[in-house]
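Q: Pasting a structure here, questions to come.
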Amino acid sequence: MDRTGLQARFGLAGRVEFVDDPGGMVTARLMADEGTATVALYRGQVLTYQPVGGPPLLWASQAALKANRPPVHGGIPICWPWFGAHPSDPSKPLHGFVRERWWQVDSSGVNATGVWLQLSLSHDETTLALWPYAFRLTLTVTVGKHLEVALKITNLDAEAFVWSGALHSYFQVTDVTQCGIIGLEGVTYFDKVTHETHTQSGPVNIGAEIDRVYQGTTATCFLEDPVQGHTIRIAKQGSHSTVIWNPWHAKAEQIPDFADEASTSMICIETANALAATMMLAPDESHTMMAIIDRLEKK
Ligand SMILES: O=P(O)(O)OC[C@H]1O[C@@H](O)[C@H](O)[C@@H](O)[C@@H]1O
């Protein structure tokens, strides 16, 4: 559907409007009294979130958006139905296939939590060729006092299926080397850089490549940015692992559209179900994984 058709069906005066992102792709802008967010319909990807009175909280590669070259690093890409490499076939796309598809707009509205938009994506011939199960995903993005991103996964198949995935959130920081992530103390993680397992002690600090899957954790994370003078709070539901990722300078150079300075101005804290948190869904069963993001000002 074109932008005018979307505006006529799902636009809400002063609350929901359809605009183009820097790459000319149609994007929904949600405007609440407490903040704004944009959601790209291609990829089903939240691109921006800015609470009123504060800076943007999500980082996105402007070069990637302009070029519209997959994968677009930034905002909140959705990894599904597998996280990372496909478990048995490395030729299949990293992080699954739903971030390179058009999502359908189902509805929009305003409720007590804020301004919301619901998108959905279901199986088709191309998804069945990559992954042989019938499914439906609904993505509900709500902006109010927080940004809430809820991914509901429903098994429409006659067989049970196993999935892993993530809301792969990129956060904007001033200088990541001065930040700390609180909330993962005592949690065991698999380090994808060294292939070792360790237990976190104290805050997570970043000064080199980091790619870790923290396992068996439902904890809220707090990203402290002393230069900005605020903390970004990332709470979650229906998620049993948290992924922390920054490619750092050398790896960033190998990623198209990932400017070198991005290594110090962003950090991914991903609401995930990965590795040991891989889930099985029986026919007709659903599961919702949700990230709830807001900003705490330094008192
Ligand atoms: O470049 P992509 O496909 O968006 O993936 C980025 C990164 O995503 C992280 O979640 C993974 O743990 C990393 O291993 C991966 O490199």
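Placement of Cβ uses the backbone N, Cα and C atoms for every residue, glycine included.
Nobody curates TrEMBL annotations by hand; they come from automatic prediction.
For His168, Glu270, the entry in TrEMBL reads active site.
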Q: Between His168, Glu270, which of the active-site residues has its C-beta surrounded by the fewest other C-beta atoms within 10 Å?
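A: So among His168, Glu270, the active-site residues given, the one with the fewest Cβ atoms within 10 Å is His168.
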Q: Whole-number Å distance between the CA of Glu270 (active site) and the CA of His168 (active site)?
A: 5
Q: Under DSSP, is Glu270 (active site) part of a helix or a strand, or is it coil?
A: strand
